[in-house]
């Protein structure tokens, strides 16, 4: 059935309203997160010299950073493009004037797949007990000066989540230093359901960072995985030598003795796992993933990113089956076991597309044609009205 006049008019009136309000129909740089002080971002940026651009090709920054697997791109008033996968701290935020000509700031954008329909924002979570909902053993978590300590006594651990609702897609990050005791599993992950009953195993989505110290890992190993409707998207074990080399860690630094930053970039078309801003794993929609599970069974599946809204979850636990325990047999002699986390940061994309898209100098091509674009939109709306009336008249004659 052809669109009705009302539907066509609504489309063009919405387009006209966007132009009149100064909103971009397209967002070439990504979702604008704000102006941040460059000096407070530099340690978060990918190594190497920034990409130098001109006013005419500033839009190339987002594509350049996306091609390298980075979640964020930052553009300075000097037309320098920086890439990052680390969410900036609230303290790094600057006044808008810092992102004007000669300023010391950088306009930061999130490379979100749905940027033209969804707005994004930095939504960091203070490490305070009131910010979490505990499933059990809340007394096994303590909070001191921005650091959250998780404790497991023997096999008696804990689990809890952020308490500000479920969110779909975005960037989720925390800094952690975890126990390296065999059998003590620490986990930081996103999950759509708080029902862990195995009878309902097919009803949850999940994206994992799990910290393993035994079977099938060695101490301070990273276990990466995701689930859609309870079905694994392909497990990946990253042992210390691999991430130490990739992160250029020195002096034996690892996940057990050093605070490292763990980031999940969840998109409709892919999921990426980063540590200290370096990509460890990237899974694309439709990618054929092959892996062998702990039982030696081989799987090949077409990857599907999770789709259900999720929230951040932390836990410490030990496998009940100690004969073939995931994470290794529990070393009771080292109880109590402790892991620490700090700096829980997020970029949430849960609002309509924002009208604020950053400094105007980022959009030089829009300056001249803005009035003409408004006129064109009015002409298009009138043309749609005429065409729709003709179609309705013709349809009436045919009856």
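Quick reminder: no glycine exception, Cβ is built from N, Cα and C everywhere.
Curation does not apply to TrEMBL; its annotations are automatic.
Range 357-399 is the one annotated as region 'Disordered', of 314-356, 357-399 (source: TrEMBL).
Per-residue pLDDT, averaged along the domain 'GH16' (108-341), amounts to 95 for this model.
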